[in-house]
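Asks: I'd like to ask some things about the structure below.
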Amino acid sequence: MKALSKLKPEEGIWMVDAPKPEMGHNDLLIKIRKTAICGTDIHIYNWDEWSQKTIPVPMVVGHEYVGEVIDMGIEVRGFDVGDRVSGEGHITCGHCRNCRGGRTHLCRNTSGVGVNRDGAFAEYLVIPAFNAFKIPDDISDDLASIFDPFGNAVHTALSFDLVGEDVLITGAGPIGIMAAAVCRHVGARHVVITDVNEYRLELANKMGATRAVNVAKESLEGVMEELGMTEGFDVGLEMSGVPSAFHSMLDTMNHGGKIAMLGIPGGEMAIDWSKVIFKGLILKGIYGREMFETWYKMASLIQSGLDISPIITHHFKIDDFQQGFDAMRSGQSGKVILNWD
């Protein structure tokens, strides 16, 4: 089968002829229709320090996808051949305390599809049936293929009550932009998103942000004054991993504010903890999606009218995958879809 593999420990991704994956008794065999390129895939492509420590070589990469069930193990229940599915990319152990307590997104033994084991950038994928999520008929393949990162946005945004609240999002990558759309959809008052990438900030405007702020050109405090905000942000969503962005968030949070953190800093990050203490801030780390509550919320948000389609800016046939990676690496894109049909 065709597959995109991290074939060598150097920059790049390569098209290979890989063996079709073998299916176990509790697995689904999925024929891939569409995949999306994630920021993680760009880290793997670039072969940065994290990738060198984490990624086995060679390995088929990719974890954002939609496909069709074409076969299943003899123990599988609840799925049929022909079902359209996406899937949770974190394969959990099932026996640690968090798994047994129903907090599977906090499994200490998680194995990542396309990170620790062969992934979805291939004509076929095998995953445990437990990890698959049926896609409702009224949700398109394009949207289903980005459910993984959309789930990061939903999990982060819905960590705290948003109705009537003022929200600051630092980092206008695709996940931050989708989080802005979620916040507005569920009833936040002002949703302000910051970055220095004008292309991404314009996308954020299209997706419903109250204000998309280029912090290289204007001050966050000035924007707050413009919006009539006198007490600071109630909720912060840190999506960038950039220390200066987080420092700005701490400075502009209201007392008693709540911060959900998804962005991963490149190294240790010093902060002024006195601001956290004296403002009584609550910090929550976010990893992945809640299994599977986030997935049901994603489908329901779209079915209730949330439109995240503007975040998809590029489509390429799989044979043109290099153009897709080039678009993502340029920073002048939203989500990039690779078509396998």
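Just so you know, the numbers here start at 1 and follow the chain as drawn.
A Cβ is built for glycine as well, from the same backbone N, Cα and C atoms used for every other residue.
In case it's useful when we look at the structure, here is the feature table from Swiss-Prot:
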ACT_SITE  T40  active site, charge relay system
ACT_SITE  H43  active site, charge relay system
BINDING   C38, H63, E64  Zn(2+) 1 binding site
BINDING   C93, C96, C99, C107  Zn(2+) 2 binding site
BINDING   I175, D195, R200, L262, G263, I264, I286, Y287  NAD(+) binding site
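What's the neighbourhood like for these features in this structure?
Replies: Following the DSSP three-state reduction, the secondary structure of T40 (active site, charge relay system) is helix. Neighbours of T40 (active site, charge relay system), defined as other CB atoms within 10 A of its CB across all chains, total 22.
The DSSP secondary structure for H63 (Zn(2+) 1 binding site) is coil.
With a cut-off of 8 Å between CB atoms and residues at least 6 apart in sequence, the same chain places H90, T92, C93, C96, N98, C99 near C107 (Zn(2+) 2 binding site), listed in sequence order.
For L262 (NAD(+) binding site), other Cβ atoms within 10 Å of its Cβ number 25.
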Asks: Rounded to an integer, what is the Cα-Cα distance in Å between I175 (NAD(+) binding site) and C38 (Zn(2+) 1 binding site)?
Replies: 10
Asks: Ranked by the number of other Cβ atoms within 10 Å of their own Cβ, which of the binding-site residues C93, C99 ranks first?
Replies: C99
Asks: Within 10 Å of the Cβ of I286 (NAD(+) binding site), how many other Cβ atoms can you find? Include all protein chains, please.
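Replies: By my count, 20.
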Asks: Cβ-Cβ under 8 Å from G263 (NAD(+) binding site), same chain, 6 or more residues apart: which ones?
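Replies: Those within reach of G263 (NAD(+) binding site), by Cβ under 8 Å and sequence separation of 6 or more, are T170, G171, E238, M239, S240, G241, V242, A245, F246.
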